[in-house]
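Copied from TrEMBL, the annotated features are:
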| type | residues | note |
| --- | --- | --- |
| TRANSMEM | A:12-36 | transmembrane segment |
| TRANSMEM | A:142-163 | transmembrane segment |
| TRANSMEM | A:191-219 | transmembrane segment |
| TRANSMEM | A:340-362 | transmembrane segment |
| TRANSMEM | A:383-402 | transmembrane segment |
| TRANSMEM | A:414-434 | transmembrane segment |
| TRANSMEM | A:441-464 | transmembrane segment |
| TRANSMEM | A:476-497 | transmembrane segment |
Amino acid sequence: MSKSFRQSQATLHTWSGLLVGWVLFIVFVSGTTAYWREALNRWAQPELPRVEDPARVVRGSQAFLAKKAPDAKTWFITAPSDRSAAGSVFWVPAKGGGRGHGRRDTSATIDAEGQPVTARATRGGDFFYRFHFDLFYMPVIWARWIVSICAMFMLVAILSGIVTHKKIFRDFFTFRGGKGQRSWLDGHNAVAVLGLPFHLMITYTGLVTLMAMLMPWAVVANYAKPGAFFDLTFPQAPPAERADRPAPLVDIASLWRDGARRLGTPVDFIAVTNPGDAAARVTMSASNRAMLSSYTPSITYDGVTGKVIWASPPSGGAQVTAGAMIGLHAGRFGDYPMRWLYFLCGIGGSLMVASGLVLWTVKRREKLPDPERPHFGFHLVERLNVGVVGGYPLAIAGFLWANRLLPVGLADRANAEVNTMFALWGAVLLFAFVRKPVRAWAELLGLTGALLVALPVFDMIATPKGLPATIAAGDWVLAAADLTLLALGLCFGWAANRVRRHRPYVRRARDAERVAMTV
Amino acid sequence: MITLCLIVAVAAFACFALATDPHHRKRIGGPCPKPRVKALRAAAWGLLGIGFVLAMLAWGPVFGAIGWAGAIMAGAAATFLFLNFGPAWKIGPH
């Protein structure tokens, strides 16, 4: 009975993991990269000076908006932290003003000096954050359903995997290298068990982030009006009618400081409605850098007198629970050591998915009637593994290079970076289907390693933010970004070398050894 | 404090590992004697407990538990990498 149960779980584990494994790999790698979203944003725009005094950027934003859009309906100011690349502002013009204008004409980047600035257009680290659950080239709702379904498979794969490999806890510290399938299994088990709390947490909380989409019934059944749930989840001060009497706006930077003090966390996001009018309102939203829940409170001030007129009510238990789970998933609260732990766990998860996919082929290769001419299913899985597990990291390296090499004045440059990445990836997928897999693995891993190692070198030569400069300036975020790329590149190079020198493991040798030992 | 928490986590898992026969054989020599298994495991749990307190002190009560979970994963991973890929240090006389 128990054996057959374990057997059924093994089958479930194999297929639930394989079918969605490639998507999971992409989601895991993107999510892991997104833990350095802000650092990558900074890395992607090396021409921007480092933000050392965020208040200066907030003052600069107000000055810029007062000049550029004095009669706008609303201003939105994203206040930077000392981790961000820059501040940004966005405004909604007064009625009619916005027609025929793109978002570009109503937004601006404010640099560390408080001046509007044009930097290279890029999506930087934000791309990986979005790609992690919105994918690309498709409506986001489809993408979120695809990612969610894959995440559900993942949850099934993790739980059935615990049953299948029940020895994993006993053989916790064991790795038997150089033994073909056994080594792959040990490696897969090791990354899975070592990060098991993370893997379970991240998969479950990942589903929680999209729960309102996955299970809308509770909301539909309890809230008659469609907007009622939203209003309850994201409470706002009652809207103020424009008074049409001009009045000077308060100093936003001092309100920003006051908001941080009252909320007990830094303020990331400032909304100003009716600026320059007697009915101006300034709303400060707390950052989730300093709290676990991702539903952060906000506070609204009168924009003329600077008095507090509204504050969000305390969240209910359910909301704090959901918010904490989402916060736990995104890890935005983390200081740098915590962020590194998240990042390393993410790498462990990516390796778990990748090794599981490879294990599927390793396990079956020995049983193939003719290894030179495998059946279609094996062929497909083997080539997709090369194209996705070998291809996506290479494509990311290509994205980073596109960020450095595409001309600054290129039209639609931010999307061009992304398109470059996918074009490269497409080429790799084609390559994977024509090249012998062992060769393709070594070549792709090697090329990825070379591209990653070359990036910090390029930064040293061609940008003012090379390693010596950033280390000398004590700018450890950028220095660590370059050093991490370097370290990852070396790891890829090491892996390529291992694959290149790989000789297929011959099972007979071990059997002979065992016979010799028993005799 | 965070560094200390990580060191304690590594030490805890080193104790857990040495309490298993294969690693005891490799690092100290011979299978691990029963009383020593008990002592090492007790030490490991004790260290994990100390790590929890350190994590609470380092990250505060809300994030401490998360940091602790992360630290023990890192400690286990570091131990795993050292034992399997690190230098073949031995403690025992054998």
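Each Cβ is built from the backbone N, Cα and C atoms, and glycine gets one as well.
A TrEMBL annotation is a machine prediction, not a hand-curated record.
If you look at the transmembrane segment (A:191-219), the same-chain residues 6 or more away from its ends with a CB under 8 A from one of its CBs are 31, 133, 141, 144-145, 147-148, 151-152, 154-155, 158, 161-162, 165, 168-169, 172, 229, 322, 325-326, 328-329, 342, 345-346, 348-349, 351-352, 355. The largest share of C-beta pairs under 8 angstroms with the transmembrane segment (A:383-402) comes from A:414-434, of the ranges A:12-36, A:142-163, A:414-434. Distant neighbours of the transmembrane segment (A:414-434): 121-123, 127, 136-137, 383-384, 386-388, 390-392, 394-396, 398-399, 402-403, 406, 440, 444; these residues of the same chain sit at least 6 beyond its ends, with a Cβ under 8 Å from one of its Cβ atoms.
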